Amino acid sequence: MAKTIYVLNGPNLNMLGTREPDTYGHANLADVEQLCAETAKNFGLAADCRQSNREGELIDFIHEAHAKNAAGIVINAGGYSHTSIALHDALVAVKIPTVEVHISNIHAREDFRHHSFTAKAAFASLSGFGIDGYRLAINGLAAKIGAVDPSNKVKS
């Protein structure tokens, strides 16, 4: 059975493809989830993709990842990245290798987006690569946990 990574998307990411396409692009959440599933599969991993507009539900997903011994977490907490100490604390509590992703470059946007609580709980943070940031995050996570791409027998 494949090790599972959780891919967690926060508020408004269900609106990808229609919400501010100049900032977030034209890909929708299903495109992101497909990209994550395919990338994870390349490393013999399974991607369990979740989205919620509610902070508490995202925390429940993090706790579930811990309870199910998930190998890692990729999280785009959306606006909660900049405000949620509770998400930070949940990620720290579970001690699961985590990568933070943002589709847009949060440092080139409004000042309030420049600080991320979730980044402080992650071993890496990617920002500004569009949805390709998810692929990069999974590659980095695979390297961190020692997953190997079976197509070329090389670690990520």
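Yeah, the Cβs are placed from backbone N, Cα and C, and that goes for glycine too.
Features of the protein shown, as given by Swiss-Prot:
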ACT_SITE  TYR24  active site, proton acceptor
ACT_SITE  HIS102  active site, proton donor
BINDING   ASN76, HIS82, ASP89, ILE103, SER104, ARG113  substrate binding site
SITE      ARG19  site 'Transition state stabilizer'
Distance between ARG19 (site 'Transition state stabilizer') and ASN76 (substrate binding site) at the Cα atoms, whole Å? 16
Are any of ASN76, HIS82, ASP89 (the binding-site residues) within 10 Å of the residue listed as 'active site, proton acceptor' when you go C-alpha to C-alpha, and if so which? none
Take the Cβ of TYR24 (active site, proton acceptor) and count every other Cβ within 10 Å, whichever protein chain it belongs to. 20
Using a 10 Å cut-off on CB atoms, tell me which of the binding-site residues ASN76, SER104 is the least crowded. SER104
For ILE103 (substrate binding site), just count the other CB atoms lying within 10 A of its CB, please. 24
For the recorded positions listed here (ARG19, HIS82, HIS102), which one has the lowest count of neighbouring CB atoms within 10 Å of its own CB? ARG19
In which DSSP state, out of helix, strand and coil, do we find ASN76 (substrate binding site)? strand
Let me know the DSSP-derived helix, strand or coil state of SER104 (substrate binding site), please. coil
Neighbouring CB atoms within 10 angstroms of the CB of ASP89 (substrate binding site), all protein chains considered, total 14
